[in-house]
């Protein structure tokens, strides 16, 4: 297996908000970066998002003049799996285990036997993903947080068969990306998403009971030191994604009442109000 100094290319699968953010971080860290998505429109949206954010950083003096263009030159956008060849592949696609494993199997066929496959899953079992993929010892979790270019934490998750050398390399990669990484065993929701369920669920319960508005709850918690209030954060993550994580934990813990999905969020998802990506969630962005 390669070491960090030999690593040249990182591939990110999924050009949504999270995938685009991870790709931006990888390219800004000096790696040739492939961003893959089956939808050309998503790739173009990601290209524009990354370019805009890098330009803004350059204008604010947080990047040296000309750096934004250099970072963009390291990015390659593709809708073809045959182009997804890298030292590390990070998937940030839909939270469905059959789709994730199918993608990893397809990519394993076009990559080196030394390629590491990392899942950005919020709640799915790394061991289960690895079991369906060739060389399960090369599969691990590398869970970033939204927005990936800003949030410093990364959870590195080891499955039952993940090699120690893979875990160590992902910690080193996270450090090169300017992140603080923690090692987590393969457990439902890992650490952050398990604890954070109650940040979201209790906030929605307070709103449902009419005690306070979304905006009031967000402002109060932000004034208490949280970077984002729960409703702003759920809209950024996507109500569909957030609900899927809650449902996954609810199922994993034998339908424990403390993880019961909020009817308020269920209604949002059923109405298609997924957050910023659809123009409306708990707040209106149109």
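Cβ coordinates are placed from backbone N, Cα and C, and glycine is handled just like the others.
Automated prediction, rather than curation, is the source of TrEMBL annotations.
In TrEMBL this protein carries:
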- 9-187: domain '3-hydroxyacyl-CoA dehydrogenase NAD binding' (DOMAIN)
- 14, 15, 16, 17, 18, 19, 37, 95, 100, 122, 146, 277: NAD(+) binding site (BINDING)
- 143: site 'Important for catalytic activity' (SITE)
- 189-285: domain '3-hydroxyacyl-CoA dehydrogenase C-terminal' (DOMAIN)
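Counting every protein chain shown, the number of other Cβ atoms lying within 10 Å of the Cβ of residue 100 (NAD(+) binding site) is 25.
Within 10 Å of the Cβ of residue 18 (NAD(+) binding site) there are 25 other Cβ atoms, across all protein chains. In this structure, 16 is the one among the binding-site residues 14, 16 with the smallest number of other Cβ atoms inside 10 Å of its Cβ.
Annotated pair residue 37 (NAD(+) binding site) and residue 143 (site 'Important for catalytic activity'), C-alpha to C-alpha distance, rounded: 19 Å. Annotation note: residue 143 (site 'Important for catalytic activity') sits in a strand segment as assigned by DSSP. Of all residue pairs in the NAD(+)-binding list (14, 15, 16, 17, 18, 19, 37, 95, 100, 122, 146, 277), the one with the greatest Cα separation is 22 Å apart.
Within the same chain, residues at least 6 positions away in sequence whose Cβ sits under 8 Å from that of residue 146 (NAD(+) binding site) are 17, 18, 21, 233, 236, 237.
Across all of the domain '3-hydroxyacyl-CoA dehydrogenase C-terminal' (189-285), the predicted model scores a mean pLDDT of 96.
Counting every protein chain shown, the number of other Cβ atoms lying within 10 Å of the Cβ of residue 37 (NAD(+) binding site) is 23. The DSSP secondary structure for residue 37 (NAD(+) binding site) is coil. Distance from the CA of residue 143 (site 'Important for catalytic activity') to the CA of residue 16 (NAD(+) binding site) is 15 Å.
Using a 10 Å radius centred on the Cβ of residue 143 (site 'Important for catalytic activity') and all shown protein chains, the other Cβ atoms total 25.
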